[in-house]
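*Asks:* So TrEMBL lists these for the protein:
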- B:35-58: transmembrane segment (TRANSMEM)
- B:70-88: transmembrane segment (TRANSMEM)
- B:122-148: transmembrane segment (TRANSMEM)
- B:154-177: transmembrane segment (TRANSMEM)
- B:266-288: transmembrane segment (TRANSMEM)
- B:294-314: transmembrane segment (TRANSMEM)
- B:335-356: transmembrane segment (TRANSMEM)
- B:368-387: transmembrane segment (TRANSMEM)
- B:407-428: transmembrane segment (TRANSMEM)
- B:434-453: transmembrane segment (TRANSMEM)
Amino acid sequence: MEVRADDVSKVIGPATLLAPVSVSAPSGSCLVLRGPNGSGKTTLLRILIGTLPATTGTAQVGDRPADERDPVVRAAVAALVGAPATYRDLTLRDHLVLLDATWGGDSDTCDERVAAALEELGIGHLGERFPHELSSGQTQLFRLCLTLFRPSEVLVLDEPEQRLDTTKRALVADLVAARRDAGTTIVLACHDPVITERLTGRPADRVVDLVAADSATERASGDD
Amino acid sequence: MSLEAALDDGRDRLEDATHVLHGPQGNQARKEVAYAAYVTLIVVGLYGFPVLRALVIAGDRAGMAAALKSPWAVALAIGLIAAVLAMAREAGRVRGPVVAPVPWVDHVVTSSIDRWDALRPWFGYALFTTLFAGGLSGLLVGASLWGAGVAASWVLPVAVLVALVIGLGAGTAWLLGQSRLSPPLPRRSAGAWWRQEVRRLGLQDLRTQAARSGRIVGGVQAGDLRAVRLEAARPVTRGRTLRLRHRGPVGTLVARDVLGLRRSSGAAVVGIVASAAAAVALGGALGSPSVPPLVAFVGGLVSYLGMGALSEGLRLEADTMGTPALFGAPPVRAAAAHLVVPGTLHLLVTTTAGAVTGLAAGATLAAVLPWCVISTLFALGGSLLAAYRGRPPTSPFNPVPNAQTIVLWYSAPLVLCTLLIGGTVWGATQWPASGPFVIVTWVAAVWIVYAGLNRAQRESLAHRDV
């Protein structure tokens, strides 16, 4: 499923959060957004997943406007943009079981798939812990696990490398690359060169460098 | 340097720190606490006393005067006092009486200054608050009973004195709840026991509570009840070996709530006991004309609170509004599924306890049971409206909601349920055979549940940022 943004920008009051930009990620490719703090990476991701309407331009997921109120968009897009709401009285394993059930997963294979998903990210031994009992790095792995576990055609991640050690970053890069190779469209904001290199090795993959809105304005003035 | 010299030096440094922070006029917190107490006194005098006195007068005064002298009243009072002390101790774990601002903890409490000296102002504010709250409560109750002619004038000073002692006891339990978070000191230092308890407070716990207190205040001001609840709630650690099983899209959500109540058994017990107590009050009001109408309204309030204690799953589901879709259940179906466990438990407890009480009071089953069912529907709808209440209302003229708006917005479901349940039960005693009244109440009960589900749907669509 293709993800596309045409000339989108975001302005709130006097603040320009995102200068006009166009990006696209064809089906089964990876788009990596880079740029300094304040360049609008997270804002663009929120526009692409449909939780934030753009001030100008349009964003689409497949052939539908990017609006998470549309159940089809919600079903297609798995996103880790900000902290997901978790249940304080469920263990990590319970979360994945609940997630699987709400997406209509096969109940006969649920336990095995849940165990495998936790093991993939190296947190299989934490299955009986509650979310508040995790370190910050383990919390990030758990959030990634939730996002990767739910079915999706588009995967959107905001700095998945946050709080992870070098080994885990490589592990996450491999898992996300495997999803891309399986046909999922990947869009992520990332500062990590290893993950970026791992995910942009194919011709269809792209890296887009965003610039801060102020710099864009200055540059435009200079061009004039 | 001798101990005395070190203490004197510490006090000098504290004065210097206070001067740097607050200038020559010193810390104004004492004046702010006094002003808050003054405003509270006026509000209680203007509204609390007349309302409570009017409620006592509206009730069965002779029956109430007799009840006050019965052993049951004494037992109830002892139970209430024990509950207050237990809650105060539990509150100390979350937010104790001695909570200084985070910068003060980081820069002053961490120094070699005696911890009692560094934290004494906040101990003083808390001590004053508990004594003031106790004394004012005693004054309010005593004055209302005396003013309504239920008790003689001597009740007033006795009530104030007893309430002051209870306030002091609650303050002590509050402090112990906080100080017991930290390990005991290796050796006792000089001074009264409360100084020892304050010196026992560890830096990590002081800092955690100070930061949490700031987040709770911020959450209340912003109307972010999820943040407040997560800060105030005791972390769940029980039943980690219990496992959630895949039972289909809806069955798993229901099983989630059962598991949640098993892991938070305290909430389940509170919910069931509160629902049962409320049902006894409702059954009594329906069964006996001598029970004052006020009891039905109090029953409605407690019934709503009981449902709330059983509805954590519903609230956690509502918390997911506004976050990227993680779980696949449509919002309204998920909300409806989360009503099954609290609704069933509440219905069973309410109908059983209500029917038994009503029958014991002389009513027939048909005169009690339908109203108990309706009260559960009202409480269910109220819980839905509360869970999906969203953000406080704003307007172009009032972009930041004020305190009164937040209080009204927060208490609306509670007030609505109290009035609907209490009013329905009162109406049932007045017009037991009125067809229109029966139809109106059933329509209202179904409507409030529908309104709650509709609210869930609107919240799921309306949270998108603009």
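Note: Cβ is positioned from N, Cα and C throughout, glycine not excepted.
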*Asks:* When only pairs 6 or more apart in sequence are counted, do the transmembrane segment (B:407-428) and the transmembrane segment (B:35-58) reach 3 or more Cβ pairs under 8 Å?
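*Replies:* When sequence-distant Cβ pairs are counted, the transmembrane segment (B:35-58) does not touch the transmembrane segment (B:407-428), since fewer than 3 lie under 8 Å.
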*Asks:* If we call contact 3 or more Cβ pairs under 8 Å (sequence gap 6 or more), are the transmembrane segment (B:122-148) and the transmembrane segment (B:266-288) touching?
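*Replies:* Result for the transmembrane segment (B:122-148) with the transmembrane segment (B:266-288) is no.
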*Asks:* Does the transmembrane segment (B:154-177) come close to the transmembrane segment (B:266-288), meaning at least 3 CB pairs under 8 Å for residues 6 or more apart?
*Replies:* no
*Asks:* Who are the long-range neighbours of the transmembrane segment (B:294-314) in its own chain, taking Cβ under 8 Å and residues 6 or more past its ends?
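*Replies:* Same-chain residues near the transmembrane segment (B:294-314) but 6 or more away: 55, 58-59, 253, 256-257, 260-261, 264, 267-268, 270-282, 284-285, 335, 338-339, 341-342, 345-346, 349-350, 375-376, 378-380, 382-384, 386-387, 413-414, 417-423, 425-426, 429.
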